[in-house]
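Visitor: This is the structure I have questions about; it appears just below.
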Amino acid sequence: MVNKDIVWHEASITKREYHEKNQHKSSIIWLTGLSGSGKSTIANAAARELFAQGYQVTVLDGDNVRHGLNKDLGFSDEDRKENIRRIGEVAKLFVEQGTIVITAFISPFKEDRGLVRQLVEEDEFHEVYVKCDLATCEERDPKGLYKKARNGEIPFFTGIDSPYEEPETPELVLDTGAHNREECKNQLVQYVKDQTK
């Protein structure tokens, strides 16, 4: 609950002014999927290409955020919810500043993704399901996390002993089991360009 003595200060530069200057709309491009599905790889590759084309874009990555803003959170259901809530609020600040925010978070719970959607205007949140089956993610295991989870070294690991709730109606599906990184990156870049005109 917000203290009644805390007053909201309106920004001197409006979101519309940022959009006009940037020549594109701002929005949250929310990549969700299992660990190892390719979220961070695709997010960073797409951001690099969009940036090269003049877009104001940033990436919020799950691992990176847990080194600072969310370093006090663990991986219980409650901490995961708080992790996503905080990221949603940060992403909203970027949207207000005219930036396209590409996020790369497992974000396993539908309810939490829905709450982030409600933070911004209807056309400013785009759920992107980075789809990849568990077996393929385990085979990739770029950080060795699945192996540790299977050995009981990491509790509450999504896909192993903690659930992942697949999006029911995402705006975009990137199937990294069927398409390579370049194809998925190109698909995401085109989607972002189409949605932020």
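Each residue's number is its place along the chain shown, starting with 1.
The backbone N, Cα and C atoms fix where each Cβ goes, glycine too.
As annotated in Swiss-Prot:
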{"type": "ACT_SITE", "residues": "Ser107", "note": "active site, phosphoserine intermediate"}
{"type": "BINDING", "residues": "Gly33, Leu34, Ser35, Gly36, Ser37, Gly38, Lys39, Ser40", "note": "ATP binding site"}
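For each feature listed, report its degree of burial, its nearest neighbours and the pertinent distances within the displayed model.
Guide: Of all the Cβ atoms in the protein chains shown, 27 others lie within 10 Å of the Cβ of Ser107 (active site, phosphoserine intermediate). DSSP gives Ser107 (active site, phosphoserine intermediate) a coil state; it is part of no helix or strand.
Around the Cβ of Ser40 (ATP binding site), 21 further Cβ atoms fall within 10 Å across all displayed protein chains.
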Visitor: Among the binding-site residues Ser35, Ser37, which residue has the fewest other Cβ atoms within 10 Å of its own Cβ?
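Guide: Among the binding-site residues Ser35, Ser37, the lowest count of other Cβ atoms within 10 Å belongs to Ser35.
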Visitor: Using the centroid of the Cβ atoms of Gly33, Leu34, Ser35, Gly36, Ser37, Gly38, Lys39, Ser40 as reference, list every other same-chain residue with Cβ within 8 Å of it (recorded ATP site), in sequence order.
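Guide: Nearby residues not in the site list: Ala104, Ile106, Val130, Cys132, Cys137, Thr176.
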Visitor: Helix, strand or coil: which one is Gly36 (ATP binding site) in, per DSSP?
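Guide: Where Gly36 (ATP binding site) sits, the three-state DSSP reduction gives coil.
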Visitor: Among the binding-site residues Gly36, Gly38, which residue has the largest number of other Cβ atoms within 10 Å of its own Cβ?
Guide: Gly38
